[in-house]
Amino acid sequence: MTVYIWDMDETLILLKSLLDGTYAGAFNGLKDRRKGIEIGKLWENHILQVCDDHFYYEEIEDYNEPFLDALSEYDDGRDLSKYNFNDGFGFPCDDWNKRKLAYRHRSIAEKYSQGLCNILDQQTVKLWNDLYTLTDSYTDGWLSSGHALLEQTLGKTSLPANYLLSSDPTTRSVMSKYQNINVLVTSGALIPSLAKCLLYRLDDVIAANNVYSSWEVGKLQCFSWIKERFGGPNVRFCVIGDGTEECEAAQAMRWPFIKIDLRPSSPCRFPGLTMKVVQGYTDLMYGSSDDEVEETED
């Protein structure tokens, strides 16, 4: 099994680089910088709308947790279908208020599992779909190709025909069947990051309880939790991101790191990054996955 640990911004999604013009700048004038900024601002509006209207963000903004289950010990499992969330949640941060926060986290997880189409009205869904299409066009398929790779890591889509016909052992090893997992570790706050996952259509490839916020604890701590949670014999880890913090944390854990690069000439971007490339990085650290299969079968 391989656990793929993904950064979010400027890796699976593009937002900051649109807003500050970094993405357009990487194309040396071939991309309309103002259009990128406009697209980024539209995304900001959608993210804030989902957070405030559906994820209780105005109430819980100051109570960031590293993951949704962080307060599960305070959750008594109460049926929330008719629960009145006008329950006076706030300071002090005592056990009673932690329970109320845990209720909100569970409610958010349930909404995440339902998907935005079951939460937003039809007009908002159309605006969101149009924005996704516009962004994917402007970025030459960054969003859709990133999503396709995450599907491939989970074995949810078939690989290209040239993979199936290849006799190259590295290519064939990509097709090995593993129960792989995608985990997201973002430096952003937890609730907006969950909203981003929904809006950028990542909710079918990254589960809500596999989203971690390193906002206060740092990425190394998140990586340690992930190793404790998923680690075991024959488990491999691979980190993909664009920042120095995840690179240094991956080095500390002795995990392979793939650095995402916005420049159009880079193979480690979207579109461009493939399962064959990702497999190559993991094989350099752990050895061939074919060897791993043989060891497991012995």
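Note: Cβ is positioned from N, Cα and C throughout, glycine not excepted.
Residues or ranges marked as active site, nucleophile by TrEMBL: D7. Sequence-distant contacts of D7 (active site, nucleophile), defined as residues of its own chain at least six apart whose C-beta falls under 8 angstroms from its C-beta, comprise L184, V185, T186, S187, V239, I240, G241, D242, G243, E246, I260.
Annotated active site, proton donor per TrEMBL: D9, in sequence order. Residues near D9 (active site, proton donor) in space but far in sequence (CB under 8 A, at least 6 apart, same chain), listed by position: L15, K16, T186, S187, G188, D242.
According to its DSSP assignment, D7 (active site, nucleophile) is coil. The Mg(2+) binding site annotation in TrEMBL covers D7, D9, D242.
The Cβ neighbour count for D242 (Mg(2+) binding site), using a 10 Å radius and every protein chain shown, is 19. Taking the centre of the Cβ atoms of D7, D9, D242 as the Mg(2+) site, the nearby residues of that chain (Cβ within 8 Å, site residues left out) are M8, E10, T11, L12, T186, G241, G243, E246, I260.
In this structure, D242 (Mg(2+) binding site) belongs to neither helix nor strand by DSSP; it is coil.
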